[in-house]
Amino acid sequence: MTTKQNSGAANHTVFAVSIAVSALVVLWGAIDPAGFSTVTTQLFDHVVSDMSWFFLLAANILLVFAIYLAVSGYGRIKLGADDDKPEFGRFSWFAMMFQAGMGPALIFWGLAEPLSHYVDVPFGLAPPETDAAAGVAMEYSFFHWALHPWAIYAVAGLAVAYFTHRRSERGLLSAIFRPLLGDRVDGPIGKAIDILAVLAVVFGIAVALGQAGLQMTAGLGETFGMSTGIVVQLVVLALTTAAFMGSATTRIEHGIKWLSNISMLIAPILLIFYFVVGPTITQLNAFTEGLGNYLGDIVPMSFRLDAFDPNNGWMGSWTVFYWSWWIAWAPYVGLFMARISKGRTIREFVAATVLVPSAVSVIWIAVFGGAALHLARNGLAGDIARTVSESPAAGMFVFIQQYPLPGLLSVITLIVLWVFFVAGADAGTVVLGELSTGGKPDPKTWVRLLWGVLLAGVAAVLLVSGGLDGLQKASVLTGTPFAIILVGICFAFHKALREDRGLHAPRSAAVEPEKPEKPEEEPVPQP
């Protein structure tokens, strides 16, 4: 059914070009971090000014498409052969997907974002630092971390999983376009898509590793009074690198799986503690009202641009930045989700990658954001909102100091963060190994280790030079072409589903295919 041209030359092209472009970008950021940051910021501002409408439309299209696949007959189709069984149990499967999709970011921003919106209210919908501002802050925090980002990941992951496990295609984003482009996906167009995917993953993971150094160091400084200088940042980065490189020498079911399980077992303990010890009624009220407002306003929020106030920078700093960031991360998260989802149905996949993590995100933000807003509104933690606006990581540990056993809680939080960072970086080496070896599902260990060294090197160079912010903007900029690619994936994926429904989809899947002809019986051999 498919044509699989997977020449060594093609693999070498993707690998060599990706390495060369990455090296040039990092070299620029290291030599001239100020100039690099200026250029990437100007480019991003241009994208915000001229392309915000497209990011909003693309995110909405992806959410609607994911829901459509889940509720339609296509939802019963299995990602694999009809008799394939899942490789991982539901808990481990979800834990690995959640750490790849959000992980440590939600720990910080689940608290920091509501406080930020409390001070700088979206679109001026309420006076700052008022009860009304707190309500808007919760609503928009739910909006940025619930359905839309997970739908972006889900469409990318679902398409790759279907083509890899059901159509026996290579584990590459380019392979999804075979129904539209035919064998041209094996040529320059396909290589360009895969090179762009590699760059997005390299920049994204390198930024995450650099931020691990900054955020973990900030936590150590707030908790133990340690120095937060570059030496400590590099030590944290080195320890993180050593850990994920060690994990990379094992299979997914031994390394990433157990790291993800550990983090997803400890994180709920923190959640329950802050819910029980914190302002429980305020948190319940924040959850109920915020969720109701979010679901009631999701359509206008999803399309709101402030079209006649183009100088309002809030959209570029928040919604458009988030959407472009999630889209830029889609190759990494989507490919990893696809790798671990063989044997699941489309409906099961969408539920586990959109509905369940959205619910977890909303609950997390309600507990931590609700508690933080309670402190800010009652002046119980100094000017915690301003602290968070300056450093989300430091703000998290200032928040912890307001509770019993702050030292123990800080240590547990640092452990969870570190495990999330390690598991996420390890998953990144899996994806990069797959992309750079023609879509092989289990890249050789040396390939993963090579990518691990390169990622850590990029993060270290940019930490020292101060070019991390510029690389983050460069990473986000890859979201622009990927927004177009993801919308194209919707059309290619749907075309493949329609083509396949009468060929090898199970009878219970999708639209009922035409009744197949009864196979001819084999003649009984005569003696």
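Including glycine, each Cβ sits where the backbone N, Cα and C put it.
The annotation transmembrane segment is assigned in TrEMBL to 12-31 (among others).
The transmembrane segment annotation in TrEMBL covers 51-71 (among others).
Marked as transmembrane segment by TrEMBL: 91-112 (among others).
Per TrEMBL, transmembrane segment is recorded for 142-163 (among others). Through the fold, the transmembrane segment (142-163) approaches residues 59-60, 62-63, 65-67, 69, 77, 79, 101-102, 106, 109-110, 113, 169, 171-173, 175-176, 178, 290-291, 294, 298, 301-302, 318-319, 322-323, 326-327, 329-331, 333-338, 341-342, 344, 346, 349-350, 353-354, 357-358, 361-362, 365, 486, 489-490, 492-493, 496-497 of its own chain, all at least 6 residues removed from its boundaries and within a Cβ separation under 8 Å.
Sequence annotations record features per position, and here TrEMBL assigns transmembrane segment to 192-212 (among others).
Residues 209-210, 212-214, 216-218, 255, 418, 421-423, 425-426, 429, 449, 452-453, 456, 459-460, 463-464 of the same chain, all 6+ positions outside the transmembrane segment (224-246), place their C-beta atoms under 8 angstroms from a C-beta of that stretch. According to TrEMBL, the feature transmembrane segment maps to 224-246 (among others).
Counting residues 6+ beyond its ends, the transmembrane segment (258-277) has Cβ neighbours under 8 Å at 91-92, 94-96, 98-99, 103, 107, 247, 283, 363-364, 367-368, 371, 403-404, 409, 412-413, 415-416, 419-420, 422-423, 426 in the same chain. If you look up TrEMBL, you'll see 258-277 (among others) marked as transmembrane segment.
Within its own chain, the transmembrane segment (320-338) is flanked in space by residues 47-48, 52, 55-56, 58-59, 96-97, 100-101, 144, 148-149, 152-161, 164-165, 171, 173, 197, 200-201, 203-205, 349, 353, 427-428, 430-431, 434-435, 475-480, 482-483, 486, which lie at least six positions past its ends and keep a Cβ under 8 Å from the stretch. Sequence annotations record features per position, and here TrEMBL assigns transmembrane segment to 320-338 (among others).
Residues or ranges marked as transmembrane segment in TrEMBL: 350-373 (among others).
Sequence-distant neighbours of the transmembrane segment (408-433) (same chain, 6+ residues past either end, Cβ-Cβ under 8 Å): 96, 99-100, 103-104, 107, 198, 201-202, 204-205, 208-209, 212, 215-216, 219-220, 222-223, 240-241, 243-244, 247-248, 252, 255-256, 259-260, 262-263, 266-267, 269-270, 273, 331-332, 335-336, 339, 396-397, 400, 440, 443-444, 447-449, 451-452, 455. Here TrEMBL flags 408-433 (among others) as transmembrane segment.
Residues annotated as transmembrane segment in TrEMBL: 445-468 (among others). Long-range Cβ contacts of the transmembrane segment (445-468) within its own chain (Cβ-Cβ under 8 Å, at least 6 residues beyond either end) map to 19, 22, 26, 29-31, 33, 36-37, 202, 205-207, 209-211, 213-214, 230, 233-234, 237-238, 241, 244-245, 248-249, 425, 428-430, 432-433, 436-437.
Residues or ranges marked as transmembrane segment in TrEMBL: 474-493 (among others). Residues 25, 29, 40, 43-44, 47, 51, 54-55, 58, 61-62, 65, 152, 155-156, 158-159, 162, 173, 176-180, 193, 196-197, 199-200, 203-204, 207, 321, 323-328, 330-331 of the same chain lie 6+ residues outside the transmembrane segment (474-493) yet bring a C-beta within less than 8 angstroms of a C-beta in it.
Under the heading region 'Disordered', TrEMBL lists 504-527.
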Handout entry: Cβ-Cβ under 8 Å with the transmembrane segment (192-212): same-chain residues at least 6 beyond its ends
Key = 14-15, 17-18, 21-22, 25-26, 104, 172-174, 177, 185, 236-237, 240-241, 328-329, 331-332, 335, 417-418, 421, 424-425, 428, 431-432, 435-436, 454-456, 458-459, 462-463, 468, 471-472, 474-475, 478-479, 481-482, 485
Problem - For the transmembrane segment (350-373), distant same-chain residues with Cβ under 8 A (at least six beyond the ends) - result: 66-67, 69-70, 75, 90, 93-94, 97-98, 101-102, 106, 110-111, 113-115, 118, 134, 137-138, 141-142, 145-147, 150-151, 153-154, 157-158, 271, 274-275, 278-279, 282-287, 290-291, 294, 337, 344, 384, 388, 399
